[in-house]
Protein chains: 2
Amino acid sequence: MTAPTNLSGEDSLIARYFKPLATDPGAFGLVDDAAVLSASGEDIVVTTDAVVEGVHYLASDPPDTVARKALRVNLSDLAAKGAAPAGFVLTLALRSKEDAWLRPFADALGEDAKTFACPLLGGDTVSTPGPQMISITAFGRVPKGRMVGRTGARPGDIVLVTGTIGDAALGLDVLTGGAAATALASDIAAKDALISRYRIPQPRNMLAQAVRDHATAAMDVSDGLAGDLTKLCAASGVSAIVNVETVPLSAAAAGLIVRKAICVETLLAGGDDYEVLCTVPPAQSDALIAAGRAAGLAVTAIGTIVAGHERPRFLDGQGQELALKRLSYSHF
Amino acid sequence: MTAPTNLSGEDSLIARYFKPLATDPGAFGLVDDAAVLSASGEDIVVTTDAVVEGVHYLASDPPDTVARKALRVNLSDLAAKGAAPAGFVLTLALRSKEDAWLRPFADALGEDAKTFACPLLGGDTVSTPGPQMISITAFGRVPKGRMVGRTGARPGDIVLVTGTIGDAALGLDVLTGGAAATALASDIAAKDALISRYRIPQPRNMLAQAVRDHATAAMDVSDGLAGDLTKLCAASGVSAIVNVETVPLSAAAAGLIVRKAICVETLLAGGDDYEVLCTVPPAQSDALIAAGRAAGLAVTAIGTIVAGHERPRFLDGQGQELALKRLSYSHF
């Protein structure tokens, strides 16, 4: 990503929209092909996530929310790894260079970069005849050896999750005219809240340090709580029991369940939550919940890690296991 | 990018094709969403470049060459920055998960990762209804403050370039039935050599240390020598005079010029060279050329940096300035 004096179409696009975002000295004002991330003995955490038009966001989604989603899905990974954001690089595959799309996209990206202290370091802008795609690689810092992995969950650990689960999947359902859209026909406020959860993830970076201090394993919930907990357990060589009644739901989601408009499985397997899922030793559970409370964020115990290699079990209020047909979103 | 025991379609794809490439301990065998790049006081150089089907490579290009190109365009940036490869993350946007495409793609990517000591650290695999796209972010290491930038060229510096210029553009011309295809109709060997230059860049990583030791400014030639030198000069606040007769050409390219099948402007503005363009103080020019020779790589002086802010001038054998209509490839 370069922004020199003699500007080709691509360079002028970069200079106009993205140079203002490159506030970090390591970005060299985007006049170089490469950026520098200085490191003094800590570990650099690297994560990469792409969003594709028509797959991760809808063609009708506003460009400012697309920008925020593209960055925030990566910030969410950093939060779950206990890392402080350090910067990101952006690959933007565009069909056209319409100002009406690029201006709000770049402005929102710049706002989020500032809000989350995660400056743009560089990138690549390419043309594509197909759907637009935004691929971001984000960097974070942790003290050496302190990234929170997926492999440390131990029997007896408490399973915690931040925020509420399933709202983004319901937001997508509203946008695509599914059961939630029908059931909430006249409830504009609820529909807007769910749509917002789909379009604009709320990464839990304020909790990163507490996750690093207390969690034995962590990941962000991006493909569905059921599937993601299954992955975490598999990586740690353990199983889990989840009490589904304790899974935190928004008022809108809980209302839809009560009215039987949707079933809880939809929420447990729905993607795009971008909450932190982690396991903590029982003695430290309260500390993490308190850290959340101090940050205005609900952190909820939903189950326990147990020995074994079978898939985590999701039990209803009667202790009956739910037969989940689908665990999560999969691209293939 | 995760490869747990309970495999969704995406996870099984990652486990099958990409886990074997994740040899670095910081990749955690791709069981995590994030990787760790350890750093002990040096700078991490970050570069990102994407290749899009139908834009950077042809839909008919073999998958193994697509993999090599995707990684090598990034390795080329690291070489020009004087950095030693440290690893990369991969975003793969796929239409399908055909083994016939993915197997040779992953195998070739793994071979190149090994050859260039640049292991896969992580990534993201997503589905796309559109053209396939491979976005790679690569990391390199340099001693603190020693990344070779674009801003250090000074009047009097010699302009050097590695390898030969214009072959990849001719390779694309051959593949798309252009003038080079016609002129080389019966010369299969020449056509194959040019096509290979288009499909499989030869990044000059063996020269990275010498570039770091001697160059005042450097970049890789990816969009066209004329345009890229223009960018370097603009970033350094200088101009340049290039003697076009000294620009290194392959036998195939030189033959096409002699036969007037193509003109030299096509070569100077053609993309995909992936050679190193750099400026060095006159006293150090021989040392860089010798370092190239020791590595079996031609390094050629093609001009001189001069004071001024006008576009670099390209002079023919008679000292006449070429009027370049186009400087480089631009996406927009």
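If you go along the chain as it appears here, the first residue is 1 and each next one adds 1.
Here the Cβ of each residue, glycine as well, is placed from N, Cα and C on the backbone.
Keep in mind that what you see is a predicted model, and the values were worked out from it rather than measured.
When the candidates B:THR47, B:THR48, B:THR115, B:THR125 are compared with the Mg(2+) 4 site entry in TrEMBL, which names B:ASP33, B:ASP77, the shared residue is B:THR47. Here the C-alpha separation of B:HIS56 (substrate binding site) and B:ASP220 (Mg(2+) 3 binding site) works out to 16 Å. Across the fold, the C-alpha of B:THR48 (Mg(2+) 1 binding site) and the C-alpha of B:ASP77 (Mg(2+) 3 binding site) stand 9 Å from each other. Considering only the binding-site residues B:THR47, B:ASP49, B:ARG150, B:SER222, B:ASP223, B:ASP272, the residues lying within 10 A of B:ASP77 (Mg(2+) 3 binding site) on a C-alpha to C-alpha basis are B:THR47, B:ASP49, B:SER222. For B:SER222 (ATP binding site), the same-chain residues that are 6 or more apart in sequence and have a Cβ closer than 8 Å to its Cβ are B:ASP49, B:VAL73, B:SER76, B:ASP228, B:GLY271, B:ASP272, B:ASP273, B:TYR274. When pLDDT is averaged over the domain 'PurM-like C-terminal' (B:154-309), the result is 97. Cα distances from B:ASP33 (Mg(2+) 3 binding site) to the binding-site residues B:THR47, B:ASP124, B:ASP223 are smallest for B:ASP124.
Separating the Cα atoms of B:ARG150 (ATP binding site) and B:ASP223 (Mg(2+) 5 binding site) is a whole-number distance of 15 Å. Recorded residues B:ASP124 (Mg(2+) 1 binding site) and B:THR47 (Mg(2+) 4 binding site) have their alpha carbons 17 Å apart, per Cα-Cα distance.
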